[in-house]
């Protein structure tokens with residue numbers, strides 16, 4: 001395994017070098033980096049040109065200049081030496097210093113969009129496959145393709161118009177949901193659940209009624225308490241939600257019949273619930289690192305609990321405990337973020353309109369990790385949605401096709417024939433195999449998302465990598481182009497690598513060589 | 001275990017229902033065609049798609065041949081503005097889709113845009129799929145160093161996003177922009193990677209199957225095995241990706257136009273029209289919605305046609321109903337062993 | 001035994017966790033800082049420099065920074081912390097918050113600048129005549145002994161210290177100034193009359209900062225200025241090290257890509273001071289604590305957010321993320337703003353779009369071809385599609401020098417006859433061409449939808465007369481403009497609204513902005529006269545004559561005066577349209593927040 005990883009890293013570096021050469025020569029040939037000076041009316045034009053030529057080695061032909069660039073870039077591999085040299089921009093700013101600020105928002109965007117797109121896409125793909133040619137299937141296919149076919153800047157306009165401005169108006173009007181909307185949402189939710197759960201006519205009607213009433217009741221509560229202005233789960237809400245987490249996690253991981261897994265999950269959730277009360281004081285003074293530490297601690301607690309109560313089938317109990325631990329702790333964090341929401345919304349710089357349409361942060365906003373976290377959330381929400389819709393449709397299609405393919409395999413028929421419960425058939429036998437094509441396209445999809453970020457960042461005025469690239473390309477500013485390229489190439493390669501590992505893990509026929 | 005030749009030797013009473021195509025004497029192409037005709041959504045989609053293609057190409061003409069529409073997409077007319085199209089009573093009016101800012105007939109522009117976008121779509125979808133399939137098939141079939149080399153080349157291309165290459169080349173091309181054909185061929189050459197990877201993955205697993213072994217024993221050449229035996233089994237995944245690729249091709253071109261590196265005016269493409277008129281979103285929405293309508297329609301239609309094709313090539317996936325399946329399995333428990341597909345015949 | 005070990009392990013783990021946790025926490029933040037009173041304005045371009053007087057720093061957002069913080073100098077001119085501002089009629093308004101300046105004699109032209117007593121820079125250092133002397137040294141090019149190639153504008157010998165985007169015209173005719181004993185006033189004597197003497201703002205970057213960057217004390221720096229002789233291009237000498245160091249810093253040291261650690265770059269004389277900068281996102285101004293003028297702003301902070309996309313600006317305004325915007329004016333943007341019930345402020349910008357013919361290109365050597373081409377330009381249609389929706393009263397512009405608001409405009413139109421080119425005369429053009437089909441390559445900015453529209457309209461119309469129009473447009477049009485590799489160009493001139501420097505730049509042979517290689521001896525003569533003409537009527541006459549002569553030579557056609565647009569969401573009072581490139585912040589000191 002170690003040898004495999006080492007070889008993969010070696011190969012990746014070679015790929016990176018080859019691709020960077022292609023990119024360098026192409027980008028260098030795309031224009032004249034001295035154009036602005038040649039056209040300018042500066043009196044010391046010749047001097048400025050000479051200065052730039054010597055600063056950027058423009059007198060060296062591009063293929064040779066690439067070696068100079070590579071030499072500087074290679075220094076980035078030396079750990080902790082801080083000797084990274086990715087060259088200068090046309091404005092004499094070192095690329096190595098402007099890159100990190102640009103990287104943060106783009107990587108945030110792309111990572112969240114990828115993860116959410118995969119999860120949503122796979123879930124919806126599974127459901128549409130299980131309900132093939134149902135109304136839900138056709139509607140989802142239509143919707144996902146509709147969203148997929150809309151250019152991202154058009155989606156951006158729609159999101160800004162309806163989500164940002166609409167939701168902010170709604171908040172400013174006191175966050176009361178109109179009655180007709182409650183009815184419509186309740187009916188739609190009822191319909192969706194009905195189609196999803198299926199069954200006989202009577203069962204469908206019951207599902208429809210129960211889910212519509214439940215949705216309606218929650219919405220009425222939310223509306224009456226102006227929940228969106230003062231959100232929060234509270235001790236009671238959290239207890240209910242945690243119970244749900246225990247139930248769903250266990251039933252997906254092992255089935256409720258596995259009492260030890262259920263016990264592990266429940267004990268972990270109980271620990272987290274206690275932590276919810278104990279840690280509130282710590283949360284007030286927390287930094288991002290504290291939160292990561294606490295989340296990891298919750299994960300460890302889940303694993304330990306699973307290990308201790310697991311008995312004979314330890315693996316499942318450990319898995320149930322770990323998933324419950326981390327998910328529950330994230331919910332506790334979510335509750336704390338919600339507690340910080342009113343102070344954020346009412347801050348003088350937000351003026352009661354939290355969902356933002358431009359930029360990656362409110363200028364000059366200061367606050368603790370919760371407030372700044374919410375600020376990032378409100379700014380990155382819309383761009384992330386715009387970005388994830390690019391790949392969301394693709395994942396639903398592949399997941400649907402993949403599951404349909406798998407469900408027709410003999411081993412699934414065999415599994416069904418031997419009387420295994422449907423959950424086991426889908427989760428144990430079909431799910432893994434369905435993920436194989438998904439793992440294959442993740443790598444290429446991340447590349448597409450990174451490309452798509454160029455447009456998304458432009459529309460939302462976010463100063464990320466894409467913006468950096470677009471500006472630099474317009475001026476034939478080679479070093480920032482290459483800086484951009486290096487980052488996205490490394491991300492693409494990393495995802496590629498992860499996909500290959502996942503691939504090997506999922507498909508026993510593929511050996512890690 | 002083999003399932004490869006299902007379409008040649010269909011099960012006599014499978015859970016998939018209708019088996020009307022199992023009539024002896026039909027060629028495989030004929031069988032596929034007949035199956036495709038049974039899928040109503042796909043047939044209607046194909047029909048509408050063909051209609052749009054004919055409509056767009058005949059309206060503005062092809063090359064030197066003039067079309068039937070009275071305005072050229074490059075000529076100025078007196079300003080009028082809003083669309084004159086009315087559905088009831090149906091009348092095209094002077095400018096059915098309205099006019100753009102400077103008074104060019106928008107119907108002519110949109111029709112020309114559909115032409116160019118279709119070219120982009122077909123070239124990228126077609127060429128990209130062919131390149132990707134060939135690369136993936138060869139890599140997956142031969143494995144070893146061939147696979148390693150081809151996949152590393154694929155990795156090099158994956159590392160550079162298509163839109164980035166497109167932007168860099170578009171910048172090089174300068175003010176005229178790239179022509180439609182050159183642009184789409186170029187983009188096709190950088191968009192085949194996901195198909196290559198998918199096809200390779202399919203081939204890696206399919207080549208281990210018995211029917212491939214049987215074909216090899218029977219003395220079939222590598223090429224024959226790849227294209228006659230394995231590829232038809234991987235056609236589902238190829239068609240799904242080809243339709244997605246064709247749909248995303250329009251969007252890629254749209255994105256490039258938005259950044260200013262795609263097709264440029266006075267030429268027209270659906271993406272260019274949308275990005276040119278984005279400020280008109282709330283004021284002259286028709287400038288926005290006509291091209292958007294056609295982009296969405298083309299992408300959806302291509303997808304539905306692709307769905308039908310996949311089902312036609314791969315009958316196992318057709319009309320799969322879990323409930324029916326379970327009932328069937330429960331009812332016919334003892335027959336399960338009989339239902340294993342027959343071994344391949346070639 | 002085993003249990004004990006686990007117990008110890010658990011204690012150790014808990015202790016380590018506690019330690020780690022305490023290491024990663026922050027103290028509870030204080031929310032006490034008043035967050036009321038911030039006005040946020042969207043601008044299209046990013047800020048890149050605190051000095052907008054250099055060629056690379058001469059961009060609109062940098063100009064706004066300099067205007068608000070007051071360190072404008074002679075090149076940028078008007079600023080809130082300088083000697084004058086412009087009012088909304090583009091009349092020079094002396095800024096008595098800083099000091100006074102007046103003409104004390106006509107012959108020779110003598111101007112006396114007097115600073116108010118007890119003025120301070122934002123870092124607490126006094127503002128004195130030393131600062132004015134430095135401003136003069138920068139703006140006059142007194143010490144330069146460089147030889148400049150007339151054709152290319154390149155330095156071919158000697159030293160040019162301060163690199164200015166504008167020219168040293170006018171101030172280069174001044175002798176070394178006299179400084180009063182109290183070090184508060186400075187007197188300039190011009191060797192010949194200078195028409196724009198009122199536009200010479202002598203307050204540039206602070207003397208003490210430049211001295212510090214040159215590595216000397218302020219006294220020594222001033223002494224260097226006094227001791228260094230006037231530069232003589234005929235006898236270039238070795239550059240003065242101190243002056244060169246200060247000039248080099250002034251030329252490039254004010255450019256930034258992140259918020260500078262060196263706070264001396266931010267030193268301001270105006271009501272605002274830069275207090276924060278997030279690259280590519282925003283720049284924040286707070287009140288200058290040392291500013292004692294009467295126009296102190298009534299709010300805490302002013303934020304300029306950089307939003308390139310006009311549509312994004314409109315939604316951000318609608319959503320309350322910004323209080324006011326300054327988008328590119330187009331009919332669609334205006335309607336979108338009105339539909340959203342936002343306040344709009346429309347007006348004419350001090351810029352006009354025009355079609356220029358390249359006199360260096362072989363196609364246009366024949367005046368008949370020039371005339372024929374101009375006859376095909378559909379100026380009314382261009383106006384109708386671009387400007388009329390924003391400004392229904394707009395008329396085709398018929399002068400290269402005046403706008404309809406100027407009193408001289410109607411006389412100029414009568415003299416030049418540009419109004420006869422209103423509508424295309426295809427038949428007339430065909431007659432002049434007599435069957436020829438010249439190819440014309442037109443350069444324009446493909447990123448500006450208005451220019452694209454103009455180009456397409458011209459292309460369609462000129463083709464009817466037999467011209468073969470080639471699209472030579474580019475997003476980098478500005479850098480392609482001086483090269484001359486095109487036959488005609490469509491672009492806009494922006495003028496500061498006051499002064500006559502543009503005449504020499506545009507119409508004089510080999511002038512800095514004479515991209516169309518136009519050359520006419522009588523125009524050159526008139527332009528030179530205009531530079532030293534102090535009598536207003538005579539000056540008007542000269543300018544009308546220049547306008548008429550260029551029309552006779554078929555120089556090109558003015559198209560329209562560009563419409564301008566500000567908008568706010570009603571949260572700020574006091575916004576008023578202003579057509580100069582300072583843009584929306586021109587009266588930021590007068591704004592008040594509602595509610």
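The backbone N, Cα and C atoms fix where each Cβ goes, glycine too.
Look at TrEMBL and you will find A:103-499 tagged as domain 'ABC transmembrane type-1'.
Beyond the ends of the transmembrane segment (A:9-27), by six or more residues, the same chain brings 62-63, 65-66, 69-70, 73, 473, 476, 478, 481-482, 485-486, 489-490, 493, 496-497 to within a C-beta distance below 8 angstroms of the stretch. The transmembrane segment annotation in TrEMBL covers A:9-27 (among others).
If you look up TrEMBL, you'll see A:109-130 (among others) marked as transmembrane segment.
Here the transmembrane segment (A:142-165) has Cβ contacts under 8 Å with residues 124, 355-357, 381-383, 385-387, 389-390, 392-394, 396-397, 452, 455-456, 458-460 of the same chain, all six or more residues outside its ends. Residues annotated as transmembrane segment in TrEMBL: A:142-165 (among others).
The feature transmembrane segment is assigned by TrEMBL to A:177-198 (among others). Remote same-chain partners of the transmembrane segment (A:177-198), defined as residues 6 or more beyond its termini with a Cβ less than 8 Å from a stretch Cβ, comprise 127, 131, 134-136, 170, 204-205, 207-209, 211-213, 215-216, 219-220, 222-223.
Residues 170-171, 174-177, 182-183, 185-187, 189-194, 197, 199, 341-342, 345 of the same chain sit 6 or more residues outside the transmembrane segment (A:205-230) yet have a Cβ under 8 Å from a Cβ within it. If you look up TrEMBL, you'll see A:205-230 (among others) marked as transmembrane segment.
Annotated transmembrane segment per TrEMBL: A:236-254 (among others), in sequence order.
According to TrEMBL, the transmembrane segment annotation covers A:261-283 (among others). Long-range contacts of the transmembrane segment (A:261-283) within the same chain: residues 235, 238-239, 242-243, 245-246, 249-250, 253-254, 290, 294, 298, 301-302, 305-306, 309-310, 313, 316-321, 323-325, 328-329, 332, 335-336, 370, each at least 6 residues beyond the stretch ends and with a Cβ under 8 Å from a Cβ of the stretch.
Residues or ranges marked as transmembrane segment in TrEMBL: A:289-310 (among others).
Residues or ranges marked as transmembrane segment by TrEMBL: A:317-334 (among others).
Counting only same-chain residues 6+ beyond the ends of the transmembrane segment (A:369-390), those with a CB under 8 A from a CB of the stretch are 105, 108-110, 112-114, 116-117, 120, 147-148, 150, 152, 155-156, 159-160, 163-164, 283, 286-288, 290-291, 336-337, 339-341, 343-344, 347, 354-357, 359-362, 448-449, 452-453, 456-457, 459-460, 462. What TrEMBL records for A:369-390 (among others) is transmembrane segment.
Marked as transmembrane segment by TrEMBL: A:434-455 (among others). Long-range contacts of the transmembrane segment (A:434-455) within the same chain: residues 106, 109-110, 113-114, 117-118, 122, 126, 151-153, 387, 390-391, 394-395, 398-399, 401-403, 405-406, 464-467, 469-470, 488, 491-492, 495-496, 498-499, 502-503, 506-507, each at least 6 residues beyond the stretch ends and with a Cβ under 8 Å from a Cβ of the stretch.
Residues or ranges marked as transmembrane segment by TrEMBL: A:481-506 (among others). Within its own chain, the transmembrane segment (A:481-506) is flanked in space by residues 8, 12, 15-16, 19-20, 23-24, 27, 69, 73, 86-87, 95-96, 98-99, 102-103, 107, 110, 114, 432-433, 435-436, 439-440, 442-443, 446-447, 450, 465-466, 468-469, 472-473, 512, which lie at least six positions past its ends and keep a Cβ under 8 Å from the stretch.
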Remote residues contacting the transmembrane segment (A:317-334) - C-beta distance under 8 A, at least 6 residues beyond either end: 233, 238, 241-242, 245-246, 249-250, 253-254, 258, 260-265, 267-269, 271-273, 275-276, 279, 291, 294-295, 298-307, 309-311
Same-chain residue ranges lying at least 6 outside the transmembrane segment (A:236-254) that approach it to Cβ under 8 Å: 261-262, 265-266, 269, 272-273, 276, 313, 316-317, 319-320, 323-324, 327-328, 331-332, 335, 423, 427
